[in-house]
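Here is what TrEMBL records for this protein:
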DOMAIN    A:41-152  domain 'PurM-like N-terminal'
BINDING   A:Asp43, A:Ser57, A:Asp88  Mg(2+) 4 binding site
BINDING   A:Asp43, A:Asp88, A:Asp222  Mg(2+) 3 binding site
BINDING   A:Ser58, A:Asp59, A:Asp136  Mg(2+) 1 binding site
BINDING   A:Asp59, A:Asp88  Mg(2+) 2 binding site
BINDING   A:His66, A:Glu275, A:Trp318  substrate binding site
BINDING   A:Gly135, A:Asp136, A:Arg160, A:Ser224  ATP binding site
DOMAIN    A:164-281  domain 'PurM-like C-terminal'
BINDING   A:Asp225  Mg(2+) 5 binding site
There are 2 protein chains.
Amino acid sequence: MDGAQDGQTLADHGEFAVIGAITQAIREARAPGEDVLVGPGDDAAVLRVRTGHVVVSSDLLVEDRHFRRAWTSAYDVGRRAAAQNLADIAAMGGTATWLTVGLAAPGDTPVEWVRDLARGLAEEAALVGADVVGGDLTQSGEIMIAVTVMGACAQAPVLRDGARAGDVVALAGRQGWSAAGLAVLSRGFRSPRTVVEAHRRPEPPYAAGPEAARAGATAMIDVSDGLLADLGHVATASGVAIDIDSTVFEIPEPLHAVGAALGADPLAFILTGGEDHSLVACFENAADVPDGWLRIGRVVAGSGVTVDGEPRSEAGGWTHF
Amino acid sequence: MDGAQDGQTLADHGEFAVIGAITQAIREARAPGEDVLVGPGDDAAVLRVRTGHVVVSSDLLVEDRHFRRAWTSAYDVGRRAAAQNLADIAAMGGTATWLTVGLAAPGDTPVEWVRDLARGLAEEAALVGADVVGGDLTQSGEIMIAVTVMGACAQAPVLRDGARAGDVVALAGRQGWSAAGLAVLSRGFRSPRTVVEAHRRPEPPYAAGPEAARAGATAMIDVSDGLLADLGHVATASGVAIDIDSTVFEIPEPLHAVGAALGADPLAFILTGGEDHSLVACFENAADVPDGWLRIGRVVAGSGVTVDGEPRSEAGGWTHF
């Protein structure tokens, strides 16, 4: 920890000592892979690319918009910040290899908070064998975390625009749990713990992305804004319509419990909830759908997304402005 | 401009329309290079890598810390945000190829401001043939810009840790101009225009980085924190001392003028000013120093950075906390 004491803030500690603490937390989570030719600490990282291409995505998290320190520990913010980026690579059918992380934070932020954030980021990245290879640290009025993730695809990347009428639509991973957790937290409750934990720490089905690519998925996206909203992006990009069969969803018990407690339809969490970073993909034939994926609908001619053939008014999903 | 009207804000306009305006501004600055296999708009960009490696760096800019909207136009903030990242790649001896840009901004930010920012970013990137290939847009209380840049080196990358006693130290690019411009702006003046413009829009000597690498530079860094401070990073990483000969600097006329007007030593702008993103490198032999680089000192045994054999008290440079 390079001499940082409990209770110290970034301002107490100084930029370079904080960077030292961050770098140490990252190293403790995972020894750098052999393709990291130059890691953090120089003007840039140097990374060996064996595949002839890189797949790249960037995301921002802003305090009190994407997370609240009262609801989510620094460690879980780190897990989530990494997860939403790693899921973008999985949604291309790829596997993440490297991340850079920019952190802007007020001077009174505890060093402990930043160290835990770095640990969460690096441990989530380690799940897929990815290294944190660089970043930046600066002062700001509110905490902002900027993550860029790089990866590679063993097959041709799966884009959003390849869905064709007749394709089967399938889902991998938990869906609706994070939204149910957020609904609970928003009312001041802390249970059911399973959904609160799901909100704090999504568990994207990373391996399912490359699996879908190998199975010939025609289009794929990760659910960050909401299932219907993100399928809407696929439908628009592909020039098709998508119809979801709501009867295929078995409502998990914790979502039933939240729905009952809050007077909400638990199916709405599944259809419109985001941030679980489940994967949804289209396949030409039902037989192509890999084990563990749930068939949830069909691609048809037209435009837009329907549920059981009907439009849903709350399908808009999350927008940032 | 996808229907955006003058005077509209991000909140008026909506996330996806703003992204459309940004993407259009980027396309207008440069047609995507042929190695951009998938550009903005999917879960991730897909980029062909011909060199077997990528060089990666990330930086954050925060409003009122790294720029002031009253002093710097959105276009120039974009130019600067790109420049400081492109310079990091040049300082490895590389050439930048791709950028991703995250923007967090308040809902009342004018769409025009964001479009001009994107244009500045893309036009600066176009100077070295680099494409903006992705990004993220979200709401925040203050404007923050997160840039990640990727590139490649034709030679072995030039790190900070290769300087050896006996090496010659040399400088490429303007140095001290940005600090003089900031000093002027801080006192409420707007002239001399040349230094104010230099502060608003640094002009890193991008080609000098690969040139130094070809000439066998042993260590290199771009001057972002201050000449002495950044040479201090080289000295520390290399386990050497560096002595600068102050007599080699010809003080440019605008720096003389600012020094006289503000009662400041113009040499201090050169020695301690940052943000010009000049390049400073070490070479084993004086004969290795490429044309256009100014020999400014020597690597010697020991530690730390001195000027004419003496430590300077104001050498600390910029830290963020």
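Just so you know, glycine gets a Cβ as well, placed from its N, Cα and C.
All annotation found in TrEMBL is predicted automatically rather than curated by experts.
Features as recorded by TrEMBL, highlighted on the structure.
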residue	record	CB count, 10 Å
A:Asp43	Mg(2+) 4 binding site	28
A:Ser57	Mg(2+) 4 binding site	28
A:Ser58	Mg(2+) 1 binding site	26
A:His66	substrate binding site	23
A:Asp88	Mg(2+) 4 binding site	29
A:Asp136	Mg(2+) 1 binding site	22
A:Arg160	ATP binding site	23
A:Asp222	Mg(2+) 3 binding site	29
A:Asp225	Mg(2+) 5 binding site	21
A:Glu275	substrate binding site	23
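Secondary structure at A:Arg160 (ATP binding site), taken from DSSP and collapsed to helix, strand or coil, is coil. Cα of A:Asp88 (Mg(2+) 4 binding site) to Cα of A:Gly135 (ATP binding site): a span of 19 Å.
With respect to A:Asp43 (Mg(2+) 4 binding site), the closest of these binding-site residues in Cα terms is A:Asp59, chosen from A:Asp59, A:His66, A:Arg160. Each of the binding-site residues A:Asp43, A:Arg160, A:Asp225, A:Glu275 was checked for a CB under 8 angstroms from a CB of chain B; the ones meeting this are A:Asp43, A:Arg160. Counting in whole angstrom, A:Glu275 (substrate binding site) lies 4 from A:Ser224 (ATP binding site) by their C-alpha atoms.
Helix, strand and coil content of the domain 'PurM-like N-terminal' (A:41-152), in residues and according to DSSP, is 34 helix, 48 strand, 30 coil. A separation of roughly 11 Å, to the nearest angstrom, links the Cα atoms of A:His66 (substrate binding site) and A:Asp59 (Mg(2+) 1 binding site). Between the alpha carbons (Cα) of A:Asp225 (Mg(2+) 5 binding site) and A:Asp59 (Mg(2+) 1 binding site) lies a span of roughly 13 Å. For the binding site of ATP, formed by A:Gly135, A:Asp136, A:Arg160, A:Ser224 according to the record, the largest Cα to Cα distance is 31 Å, rounded to a whole number. Listed in sequence order, A:Ile22, A:Pro40, A:Thr100, A:Val101, A:Gly102, A:Leu103 are the same-chain residues six or more apart from A:Gly135 (ATP binding site) with CB atoms under 8 A from its CB.
The two recorded residues, A:Arg160 (ATP binding site) and A:Asp136 (Mg(2+) 1 binding site), show a Cα separation of 31 Å.
There are 24 other CB atoms within 10 A of the CB of A:Ser224 (ATP binding site), with all protein chains counted.
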